[in-house]
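Reading through the structure tokens given below for one structure.
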Amino acid sequence: MAKDLRGVMPALLTPFDNQQKLDIESLRRLVRFNIAQGIDGLYVGGSTGEAFVQSRAEREQVLEIVAEEAKGKVTLIAHVGTVSTEESQQLASAAHRYGFDAVSAVTPFYYPFSFEEHCDHYRAIIDSAEGLPMVVYNIPALSGVKLTLDQINTLVTLPGVGALKQTSGDLYQMEQIRRAHPDLVLYNGYDEIFASGLLAGADGGIGSTYNIMGWRYQGIVKALQEGDVAKAQHLQTECNKVIDLLIKTGVFRGLKTVLHYMDVVSVPLCRKPFSPVDEKYLPELKALAQQLMQERG
């Protein structure tokens, strides 16, 4: 089971229309576009997917649509985390019902929960997932939950946990986790250190910019497997040039704008309170879309 979870997996964006409603046709196109890139799986309903500005019904609808398009073609991981254990359990049940391969959940946030409360939260979700492995999602910069190494070690050894999405930027900690848990599936979370994360022990990655250049990240994996560190470094540099621009524009809206210019996403808007891309960046984003389309062929 754990073997199937390894690889390069875009953190899927969620397209919306001009009325801020889910854009189902754009979502279907985006799933097909990602699969055509040769990625290994999709991570659905996470931070990149703007899950926390969606209702539970909307999140379930996204899971259903993605499963219709991708089940049996690539590995599917449903992020079901919310601050509410009950709602997370309901989403986990939906993920099982729609045929996902695993569930994932960010640490519960906003309130200062005790570590034992975090553990109980994960146990409850795992029970509701009916046998699907859990991918623990550690992202302290957004969750505000700063887990110690000992706490991470405890979480990843809970019955039912099969993987960790490590979005902390701490490569030393990544290596420590790998050393302590050689059989754990370990994902690099920050795209800008993907190659370094692999060298520190990650089995693959889950990232937002994979939506527009997943083949580059697959190229990094292949280069390192072949011992070509220079090629991996070159590809990481090319990815980071894109990330530099997206950080200026706002990552999610920048990605949607690039995908709009690629004729994948109809409306390049995130859900409010996110604002649209500043128009001054549109020429650069359009040029990036053209460059990536030419590179991909």
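Note that Cβ sites are derived from N, Cα and C of the backbone, with glycine treated the same way.
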Listed co-binder of aceneuramate (same site as Ser47, Thr48, Thr167, Gly189, Asp191, Glu192, source Swiss-Prot) among Ser55, Ser208: Ser208
Max CA-CA distance, Å, over listed aceneuramate-binding residues Ser47, Thr48, Thr167, Gly189, Asp191, Glu192, Ser208: 17
Local Cβ density at Glu192 (aceneuramate binding site) - other Cβ atoms counted within 10 Å: 18
From Thr48, Lys165, Gly189, Asp191, Ser208: recorded positions whose CA lies within 10 A of Tyr137 (active site, proton donor): Lys165, Gly189
Rounded inter-Cα distance in Å - Glu192 (aceneuramate binding site), Lys165 (active site, schiff-base intermediate with substrate): 15
Rounded Cα-Cα span from Lys165 (active site, schiff-base intermediate with substrate) to Thr48 (aceneuramate binding site), Å: 14
